[in-house]
């Protein structure tokens, strides 16, 4: 495993920064009302739009677009070229320091926009412990895991228009609700509004037919943290027979920085042993999961934060590469900017579960937070996801994926 | 009901043309490799791109874009203005004839492209007879209709990248298949590849929060025919618990001309009586369905066509406006270019069923076609959807929605 790459920006050399020179994640910042592609380095943001317009970089204008899609579409050679160029500009001892300083600004003041335009959004269901927990609650322990689960990276199409960047408030949804003893449904605010701690993989290279797992891995540009907000009561009534729809369409919050597959390369790890053999089209030619520590915290309005759960991305049974390969198996075309949610990530320990549904076991065991307890999310609560891969003396972090829940519309 | 509006283009006055002056559908044609917005009139195509660049029309360049999205985004005043302007240019006795003739070309030679960029695609399940047929086959007659069906316009998110224009060949998909007696799934070509006869509604005005049914109706720009290709065997194994995924991701074929809500206005009709009361957010303020005759034909490779089914769009239990209102109920943002499939349209008679699954009753009663029988679609078959609303001495037609099935990739 490589060590810290030192930068002339001193804050990037701190062992606890999310953004050492090794990381160089991509995001979009607001500069006087216009959207600029940028990278984070230590406690600073570097304006890549300004760097390209100033002649420091040349990607045919792809960094002067207000979203990372155009740059991603340039392909892996461009991805590598930008990363190497930025290493050269930002490494300790680089000559460029004086010219670059005017394009730096404090990260804490940055107003982040969506880092890319989400072309389509797919959400998977690939943590075995999560599927087992949810299945046990809904169908009993003996039928917990659906019969197809160990064979297929189960997924469904989500709603790209609902994906928002960290910091965007989320309004509690209303919808059709029907309890098991109710004669008919009623329409009202969800009472079981929940989080789902996930990772999102971003497709950076298009495909137009079935692709293998190895090619799928190469086509993923990078990753974000992802909170798939879920109205459990709307879902329970609507989801048979065609799956979740309005329960999942209110909002999906992503972290503002795309951490590249290149930055995560030293943290590759294997999916767990297969319990039944996978069909050949899902075989991984190498380790394609990542060792990324994850946590989710809940902060009541005016209160202090409680960490609800700590888990790790390596808990997934299927990697994003396997999910993407399966996604193309019927010939489904994939495009630059497609976002693939991993599915809720839950470990075996109770405090490593990735949703309140699981943490409170359907509301039967409320969890303690500052000033009270929670079965599900309450109005005013702020939910924050964090994640990082831990290297030797440095870490590759994702920043925060955060949103406050506002009361339902009246 | 209005009668035929006569045009100086004689073929537009024939009672059996799909494209009288009353219609004026919008599509995109290929002109020497570049995409031009256009309308169909009788047996001719009128190049709207050329008309705008030539100063006959002025929509700020919206018709010079290669897709109808930019024009749709201008909103209802622009929609009305273009329609009225074209009436003025094309009506019998109009002065413009000599100037316009050079922008006309034969419809039969037109190479049609996608009429708009599909932003996101949602597919519903809103024909009661279809849901009853499918439910009877899968769960028995007593549990045919899911408990939520009479309360919710059930839908799921589909895959926009898979939507293709009429004429595009469709490759038989492969996927995971597992019969009820198989120990494990295998990967191979679908053996139960099917059609679904649907209408597609196109969102022309965005919304960013819940909207009522009346507003939803106003936000729909127009309609297309839609064939939602479905691999029944892939679907049977994958769809629990999160709904159809790869079974529906191979292709969705749409007709090349968007027939506007304005053209269909004389053919508005009401949804059938409610069997249980709907919640108020789904109440229709007026008739929001349309009386549109539909048919689907199957032509074996080298053979002649058999009409498999004749039905009507008024068979829907829910209108597109109700579907769109429900779609926004959780706060889901809708954007210009969103496509909403109605769901398979089946009537009560056997020969009015909208899928081979229903027509052949799951393969138990194969249907006769030229030179043989069909339980599902075979390689080389061409499937053609047609539709029109029948007026007094004229009709508003959709043209053809057609595709040939090619063998699976090897």
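Glycine residues also receive a Cβ, built from the backbone N, Cα and C atoms like all the rest.
Among the candidates A:123, A:291, A:293, A:301, the residue that TrEMBL names alongside A:196, A:198, A:228 for the Ca(2+) site is A:123.
Looking only at Cα atoms, residue A:198 (Ca(2+) binding site) sits nearest to A:344 among the binding-site residues A:235, A:239, A:252, A:344.
Spatially close to residue A:344 (substrate binding site) yet at least six residues away along the chain are A:125, A:127, A:130, A:196, A:197, A:198, A:228, A:354, A:355, A:358, judged by Cβ distances under 8 angstroms.
Contacts of residue A:248 (Mg(2+) binding site) defined by a Cβ separation under 8 A and a same-chain sequence distance of 6+ are given as A:123, A:158, A:159, A:162, A:228, A:229, A:230, A:231, A:235, in order along the sequence.
Each residue contributes its Cα atom, and for residue A:239 (substrate binding site) and residue A:252 (Mg(2+) binding site) those atoms are 18 Å apart. Candidate binding-site residues A:125, A:198, A:235 yield A:125 as lying near chain B, with Cβ-Cβ distance under 8 angstroms. Working note on the binding-site residues A:125, A:239: by count of other C-beta atoms within 10 Å of each C-beta, A:125 ranks first. Neighbour list (residue A:252 (Mg(2+) binding site), Cβ cut-off 8 Å, at least 6 residues apart, same chain): A:121, A:123, A:158, A:159, A:162, A:163, A:164, A:226, A:227, A:228, A:229, A:341. For the domain 'Fumarylacetoacetase N-terminal' (A:22-115), the DSSP-based tally of helix, strand and coil residues reads 36 helix, 24 strand, 34 coil.
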